[in-house]
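J.: Per TrEMBL, the features are:
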type: DOMAIN; residues: 2-104; note: domain 'NADH:ubiquinone oxidoreductase chain 4 N-terminal'
type: DOMAIN; residues: 107-389; note: domain 'NADH:quinone oxidoreductase/Mrp antiporter transmembrane'
type: TRANSMEM; residues: 6-24; note: transmembrane segment
type: TRANSMEM; residues: 57-77; note: transmembrane segment
type: TRANSMEM; residues: 89-107; note: transmembrane segment
type: TRANSMEM; residues: 113-133; note: transmembrane segment
type: TRANSMEM; residues: 140-161; note: transmembrane segment
type: TRANSMEM; residues: 181-204; note: transmembrane segment
type: TRANSMEM; residues: 245-266; note: transmembrane segment
type: TRANSMEM; residues: 273-295; note: transmembrane segment
type: TRANSMEM; residues: 301-318; note: transmembrane segment
type: TRANSMEM; residues: 330-349; note: transmembrane segment
type: TRANSMEM; residues: 369-401; note: transmembrane segment
type: TRANSMEM; residues: 422-445; note: transmembrane segment
Amino acid sequence: MMMKFLFSLMFMVPLSFLKVGFWFNQCIYMVLIFLFLVEISLSSAYCNISYFMGVDLLSYMMILLSLWICSLMVMASEGIFSSKYYYKLYLFVLLILLISLFCTFASMNLFVFYLFFEFSLIPTLILIVGWGYQPERIQAGVYLLFYTLVASLPMMVSIFYYYNLNGSLDFFFFFKSVEFFAFYLCMSMVFLVKMPMYFVHLWLPKAHVEAPVSGSMILAGVMLKLGGYGLMRLMQIMIPLAIKVNMIFIVIGLIGGFFVSLICLRQGDIKSLIAYSSVAHMGLVLGGIMTLNYWGLSGSLVMMVAHGLCSSGLFCLANISYERLGSRSFYLNKGLINLMPSMSLWWFLLSSSNMAAPPSLNLLGEIMLINSLVSWSMFTMIFMSLISFFSAAYSLFLYAYSQHGKLFSGLYSFSMGSVREYLLLFLHWFPLNILVLKGEFLVLWS
């Protein structure tokens with residue numbers, strides 16, 4: 001069953017090079033999403049197994065998110081299509097990225113997971129360096145590459161160590177626990193960089209600011225989730241040690257989330273603010289996973305899906321303003337409610353979702369994570385409340401500064417958004433708010 005979807009994606013490669021490939025590709029992505037929803041039966045254990053691939057609820061949601069975000073990336077990149085800027089190559093790179101993400105999430109073997117996890121870095125790098133905006137994109141690419149690679153070599157060594165110890169790398173046969181701090185650090189570090197955890201997050205704002213809109217969407221939407229997904233899968237072999245050590249990472253996640261929320265309030269660049277807000281949200285996810293309880297893991301999954309849709313939508317909005325005004329600075333993006341009145345509603349809807357207002361999935365995720373962290377220790381309430389408060393503060397700051405005030409650029413016209421842009425934002429916002437009605441679907445796994 002899973003191999004069928006992999007072959008569907010692989011046979012899309014020639015389509016990338018057709019003249020009508022741009023919108024045709026997107027239609028096929030949507031058909032694949034529909035087939036994936038209809039045909040894949042789901043249980044809390046691995047099912048639909050073919051060769052090295054299978055899905056349980058966690059990988060199912062992540063694959064669905066990857067397919068969804070990749071189809072929306074095509075829709076958001078109309079600028080590349082209309083300017084004919086190597087758009088066939090762009091579609092090809094995007095497809096290779098989707099295939100690598102699909103194999104990463106569907107893999108049931110740790111080494112295959114590691115292989116595709118590292119491979120997904122290359123198309124992302126090509127997207128940033130090839131279609132980015134400023135010359136600094138080379139530096140951003142180097143940051144992204146080296147942060148990940150420095151952490152990933154120790155992980156490979158620890159995978160070989162575990163294979164020697166356990167005799168199998170299939171997730172299903174993870175029986176032996178390892179109580180060895182160096183192993184724990186080597187295994188977790190690559191995921192902590194990818195999430196990113198505070199202290200190893202500096203590559204993220206750089207990569208986001210320099211990336212094209214599609215690069216930002218896939219980074220915020222799916223690539224950060226690789227970190228949380230990997231931790232969830234691998235924490236089970238380190239539980240005896242994790243119970244003693246995880247406190248360090250919960251504290252870093254929560255205090256780091258609070259500091260990053262303060263940093264958000266001092267940003268002058270819209271994309272930079274949204275990127276830093278990702279670090280704050282993923283700090284909560286990290287805390288939830290590290291508590292090792294049911295609430296925490298379920299809440300982290302909900303929060304990752306919610307953040308993937310919400311952040312990606314905000315990056316689309318930032319790009320829509322950037323295409324009109326040619327700047328991402330708050331000093332120039334003022335009074336946009338006068339320039340694009342209809343778009344102001346979408347700014348409001350996605351900003352409010354970002355601050356976890358009902359009925360968004362972010363609220364459900366935050367409530368579950370608060371349950372998890374407070375049951376772990378009462379003291380986490382202090383930083384949870386601060387993060388919740390300041391996340392509302394910077395979301396409000398983002399909305400108020402960009403929409404209100406006098407148009408700085410001297411444009412006294414108004415600019416309607418195209419239907420494509422409204423559809424793009426609707427397809428981010430609608431699942432983000434409608435999935436709350438099916439909340440049990442996201443937490444029925446153990």
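Cβ from N, Cα, C; glycine included.
Any TrEMBL annotation is an automated prediction that lacks curation.
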J.: Can you work out which residues elsewhere in the same chain, 6+ from the ends of the transmembrane segment (245-266), have a Cβ less than 8 Å from its Cβ atoms?
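T.: That would be 181, 184, 188, 192, 197-199, 201, 273, 276-277, 279-281, 283-287, 290-292, 373, 376, 380, 383-384, 386-387, 390-391, 393-394, 397.
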J.: Counting Cβ pairs under 8 Å to the transmembrane segment (369-401), which of 273-295, 330-349, 422-445 comes out on top?
T.: 273-295
J.: Which sequence positions outside the transmembrane segment (330-349), separated from its termini by at least 6 residues, show Cβ-Cβ distances below 8 Å to it?
T.: 267-270, 313, 317, 320-321, 324, 398-399, 401-409, 411, 413-417, 421-422, 425, 429
J.: In terms of Cβ proximity under 8 Å, which residues at least six beyond the ends of the transmembrane segment (57-77) contact it?
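T.: For the transmembrane segment (57-77), the sequence-distant neighbours (Cβ-Cβ under 8 Å, at least 6 residues beyond its ends) are 22-23, 25-26, 29-30, 32-33, 36-37, 40, 42-44, 87, 90-91, 94, 97-98, 101-102, 105-106, 212-214, 217-218, 221-222, 225, 229, 232-233, 301, 304-305, 308-309, 312, 316, 319, 420, 423-424, 427-428, 431, 442, 444-445.
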J.: Below 8 Å between Cβ atoms, which of the listed ranges 113-133, 273-295, 422-445 makes the most pairs with the transmembrane segment (181-204)?
T.: 273-295
J.: Counting only residues 6 or more past its boundaries, what in the same chain has a CB within less than 8 Å of a CB in the transmembrane segment (113-133)?
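T.: Same-chain contacts beyond the ends: 80, 85-86, 89-90, 93-94, 96-97, 100-101, 103-104, 107, 140-141, 144-145, 148-149, 152, 155-156, 159, 190, 207, 210-212, 214-215, 218-219, 223, 226, 230, 233.
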